[in-house]
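First comes the structure, then the notes that go with it.
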Amino acid sequence: ASIMLVKSVCPLLVLSVVTIYSVSAYSNRVRLTNSKAPCAGVVQVKVTGKWRRVCDSQWDLQDAAVVCKELGCGVTYSVPRASVFGAGVNDLVGISEVQCRGDEVSLWQCPHSTNMQDFCYDARYAAVNCSGPDEVRLVNSTSVCSGRVEVKHDGVWGTVCDDSWDLKDASVVCRQLGCISVQEHEYNPTFGKSSLPVLMSNVQCTGDEAAPWECPQQGWEHNTCPTGKDAGVTCTGAADEIRLVNAGDECSGRIEVRHGKRWGTVCDTDWDMKDAEVVCRHLGCGSALRALMNNEMFGGGLLPVWLSQVQCTGAETSFFDCPHGEWGHDDCSFRRDAGVICAEKRKLHPQRYKESLFWDPDTAHPSLNISTDGKRVTRLSAKKNVSKNMKRFRHHPCVLGTVGFTSGKHCWELKVPTKSVKRNYLLLWFVGVSTQSVARITIQPDNGFWVLVRNAWRPKIYSSPESLSGQLPLVGRIGVYMDFEGGMVSFFNAETQEHLFTYTDTFTEKVFPLVCSYYSSTIELI
């Protein structure tokens, strides 16, 4: 018997992340699911308070264009089959035979059939792949908080003319990027001249907008730049941070750095003991014992690569004083993250954040029984007759906690079975976290689950896309620790405090405790 780790979406309880955008009078009645990308997925509509699928009969680019526009997701790239996103085959249907012209504000303004049914013919549901929401970035600088301003609209990147560009315009950009304040907004020739088209000119922000595209401006099309100069800004950036993860010890692990408001990993190109020595010194962890390469010991991360070609002399006080490649410029030929083992040991103490949790019977699969105190989950031999609702798991015997988290650090412990309750019964259970909008059909990475799996069939530990060889100990009490802002979910042996595994990711919506129990197993919150 072994323990298997499955990256089923989100470190520490973040499961398939689905960001919902809504900008029309029909707000919160259209969304995309079954995808980690906020602007791609299976289309759902809210009918009589319940989320339902849309049949893809007559579904075309015009229909998809309206959905992309309504959700603030730009233009349509493609109209894929819903099966690309792992859509279930027995989902309830809300509308079908949609026939948009393409200029409607909302999908609900398009002619359609509202005859609700239990399924679509051949399980064919509507899906879209949009260009994505408008974005802003600063380029041609060594910092994410300074550079030439570039914006993306309808999937196309372009520049901003500096005519009328002032402190208010610059402050909106700094705030949007998670940088602190404006240090300089005048034209800076060191940021260079872009060859991209001019997308914005005559920008007139008040300074209160959340993003530059909310500011009055000339318009997105046919822009020229009378000054011939691109807008730029230098913001006071948030302090860079560094941490070591996936070891259960603050002084060992895979290296992750935060720049601006995002965490990422460090490529092992040119990584050596001098670099490791500076990391250990920066964290107050003594001297370096080992410089790890090629995902050794602590696995590869799921975050983007932030830094590569780090070349410390070994004398630096801060890791960020070391020469390195451009931030965010990923030149790793293969995904190989750097790690380090320092001499000092500082164990994490997640149990200081322990929560008193309960399971939500409204989300429980019909084959699960929730005890009257809300603490124990037991798999029954037959399904119960329970009320139908869109929150309930339908294909897998799973249940969510009554409370989800959008911030902070949290910990809970579970008593889990270590052997089958009956002869010839297999042992299988999942514990971990999931996003609020997680699809209730299939447990897989793109559906938003971050779980530890006990599977009696498997001889190894797996964590897609990472793989760990070897056996984990037979554990009767599992601890789950989640750091929402830190984007981390860790599993540990609650009896010995031994670290088992850590996921790191970025949480963008509420996440919930999750448990799935198979073959008459009982799992209990303690």
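If you go along the chain as it appears here, the first residue is 1 and each next one adds 1.
Just so it is clear, glycine is given a Cβ too, placed from its N, Cα and C backbone atoms.
In TrEMBL this protein carries:
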- Cys100-Cys110: disulfide bond (DISULFID)
- Cys161-Cys225: disulfide bond (DISULFID)
- Cys174-Cys235: disulfide bond (DISULFID)
- Cys205-Cys215: disulfide bond (DISULFID)
- Cys312-Cys322: disulfide bond (DISULFID)
- 30-131: domain 'SRCR' (DOMAIN)
- 136-236: domain 'SRCR' (DOMAIN)
- 242-343: domain 'SRCR' (DOMAIN)
- 337-526: domain 'B30.2/SPRY' (DOMAIN)
- 1-25: signal peptide (SIGNAL)
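Annotated features taken from TrEMBL, shown on the structure.
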residue: Cys100; record: disulfide bond; Cβ contacts under 8 Å, 6 or more apart: Gln62, Asp63, Ala65, Val66, Leu107, Gln109, Cys110, Pro111
residue: Cys161; record: disulfide bond; Cβ contacts under 8 Å, 6 or more apart: Val198, Met200, Ser201, Asn202, Asn223, Thr224, Cys225, Pro226, Thr227, Lys229, Asp230, Ala231
residue: Cys174; record: disulfide bond; Cβ contacts under 8 Å, 6 or more apart: Cys145, Ile180, Ser181, Val182, Val233, Cys235, Thr236
residue: Cys205; record: disulfide bond; Cβ contacts under 8 Å, 6 or more apart: Lys168, Asp169, Ser171, Val172, Pro212, Cys215, Pro216
residue: Cys312; record: disulfide bond; Cβ contacts under 8 Å, 6 or more apart: Lys274, Asp275, Glu277, Val278, Phe319, Cys322, Pro323
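According to DSSP, the secondary structure content of the domain 'SRCR' (30-131) in residues is 20 helix, 32 strand, 50 coil. For the domain 'SRCR' (136-236), DSSP puts the residue distribution at 16 helix, 31 strand, 54 coil. Residue counts for the domain 'SRCR' (242-343) by DSSP state, with H, G and I taken as helix and E and B as strand, are 13 helix, 32 strand, 57 coil. Within 10 Å of the C-beta of Cys215 (disulfide bond) there are 19 other C-beta atoms, taking all protein chains into account.
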